[in-house]
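Undergrad: Right, I'll just put the structure down here and ask away after.
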Amino acid sequence: MPGIKRILTVTILALCLPSPGNAQAQCTNGFDLDRQSGQCLDIDECRTIPEACRGDMMCVNQNGGYLCIPRTNPVYRGPYSNPYSTPYSGPYPAAAPPLSAPNYPTISRPLICRFGYQMDESNQCVDVDECATDSHQCNPTQICINTEGGYTCSCTDGYWLLEGQCLDIDECRYGYCQQLCANVPGSYSCTCNPGFTLNEDGRSCQDVNECATENPCVQTCVNTYGSFICRCDPGYELEEDGVHCSDMDECSFSEFLCQHECVNQPGTYFCSCPPGYILLDDNRSCQDINECEHRNHTCNLQQTCYNLQGGFKCIDPIRCEEPYLRISDNRCMCPAENPGCRDQPFTILYRDMDVVSGRSVPADIFQMQATTRYPGAYYIFQIKSGNEGREFYMRQTGPISATLVMTRPIKGPREIQLDLEMITVNTVINFRGSSVIRLRIYVSQYPF
């Protein structure tokens, strides 16, 4: 009949067995012993067990058991004959009547397949593929997996089942990635910080050696974990972009780097000296060249070469003016017998000296003293001429000596001529006379 399943009637034989050590017989599960007939009769569990089947399931009694099937399941009940069960031939209690083969009526029992199975054309129970027939209860977020006699609802990778729903698993919460993790529905993806590359396992990160792959630095590249550092050669400094190097102007760091002039060059610097000087081994200090000693001057034979700081001076022979007479290369004398010498210094001595520009003051630069000391005489020292700027003064240091003191720094180049006078006073013989040192001071251009 279309739409109705055929139910095959079956006969279940109940066995009546003696109880060990007891003459009383026992029946198999699902049957009960009828003491009057001595036969094992089926127990109707649908009547004796409360709520044997629950919900939309109905209870169908079977010989020796029962089935729970959907109430909407159509059942065809065909007649079948139930053979007699074989009686137990062993001893019985004396009160029991003699056993005889009872007559069972012909009953109709349905053959029903268990839930999840269906009858095929050969009246065999075969599994129902609920997934293929779309008769499952899995929701769209789940996957139906057929099993023997049923099915299961499962979730795809990256989801887990919670209260009948497939919820995305946040893999990033469990530290699947070594560095950066991005959760996506049903999966996740790992990425790395700048300076790293993702390994083949898709999870761990490996440092990128930027110096070996691209060498972004202009000069020296030093690889670090996850990055790199650019370094510059000596004499260069790293620019703000961290990649390029610019020349370092060492000369701008300090004015004392070189004694004279600092010359900057790409990556370095050097010190230079003005003409008349040479650079010392420390590569910063300048030393005067003695042109007179090395005969590297332009003085003629009549002139005297006088070395100065950074140069030289060709000094002409002295000329003694009337009434003075030249008595040596640097001395003029006024004869006492000459009436014109009465109020003039007895001698004029020519001396030369040099000082550096900007010399610190006060500074003792020249000493003057009497060569002969007469009884009853005393001496007075003074600057007779040339000190209009009040840059010097005479300090008497003893009865017959005095020192010329420079009181103000003098910037060169400059030439100064001072007449230093020593006055001799002798009260015993009522004598007063004087001598002069004509001092020529050459101030150099540089302070060294």
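Glycine is treated like the rest: Cβ placed from N, Cα and C.
Below are the features listed in Swiss-Prot for this protein:
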| type | residues | note |
| --- | --- | --- |
| DOMAIN | 42-82 | domain 'EGF-like 1' |
| DISULFID | C46-C59 | disulfide bond |
| DISULFID | C53-C68 | disulfide bond |
| DOMAIN | 127-167 | domain 'EGF-like 2' |
| DISULFID | C131-C144 | disulfide bond |
| DISULFID | C138-C153 | disulfide bond |
| DOMAIN | 168-206 | domain 'EGF-like 3' |
| DISULFID | C172-C181 | disulfide bond |
| DISULFID | C192-C205 | disulfide bond |
| DOMAIN | 207-246 | domain 'EGF-like 4' |
| DISULFID | C217-C230 | disulfide bond |
| REGION | 245-448 | region 'Interaction with LOXL1' |
| DOMAIN | 247-287 | domain 'EGF-like 5' |
| DISULFID | C251-C262 | disulfide bond |
| DISULFID | C258-C271 | disulfide bond |
| DISULFID | C273-C286 | disulfide bond |
| CARBOHYD | N283 | N-linked glycosylation site |
| DOMAIN | 288-333 | domain 'EGF-like 6' |
| DISULFID | C292-C305 | disulfide bond |
| CARBOHYD | N296 | N-linked glycosylation site |
| DISULFID | C299-C314 | disulfide bond |
Undergrad: Run through the Cβ atoms and count how many others sit within 10 Å of the one on N283 (N-linked glycosylation site).
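TA: The Cβ of N283 (N-linked glycosylation site) has 10 Cβ neighbours within 10 Å.
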Undergrad: What average pLDDT does the predicted model assign to the domain 'EGF-like 6' (288-333)?
TA: 96
Undergrad: Do any residues at least six apart in sequence from C299 (disulfide bond), in the same chain, have a Cβ closer than 8 Å to its Cβ, and if so which, in order?
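TA: Correct list: C292, C305, F312, C314.
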Undergrad: In sequence order, what residues of the same chain, 6+ apart, have a Cβ less than 8 Å from the Cβ of C286 (disulfide bond)?
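TA: Within the chain, C286 (disulfide bond) has Cβ neighbours under 8 Å at Q259, H260, C271, C273, P274, Y277, I278, L279, L280, Y446, F448.
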Undergrad: Would you count the other C-beta atoms found within 10 angstroms of the C-beta of C271 (disulfide bond) for me?
TA: 19
Undergrad: Among the recorded positions C46, C172, C181, C251, N283, report those whose Cα falls within 10 Å of that of C258 (disulfide bond); none is a fine answer.
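TA: Hits: C251, N283.
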Undergrad: Give me the DSSP three-state residue breakdown of the domain 'EGF-like 5' (247-287), ordered helix, strand, coil.
TA: 3 helix, 16 strand, 22 coil
Undergrad: Sequence gap of 6 or more, C-beta under 8 Å: which same-chain residues meet both conditions with respect to C68 (disulfide bond)?
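TA: Spatial neighbours, sequence-distant, of C68 (disulfide bond): A52, C53, M57, M58, C59, V60, F115.
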Undergrad: Between C138 (disulfide bond) and C144 (disulfide bond), what is the CA-CA distance rounded to a whole number of Å?
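TA: Here the two Cα atoms lie 6 Å apart.
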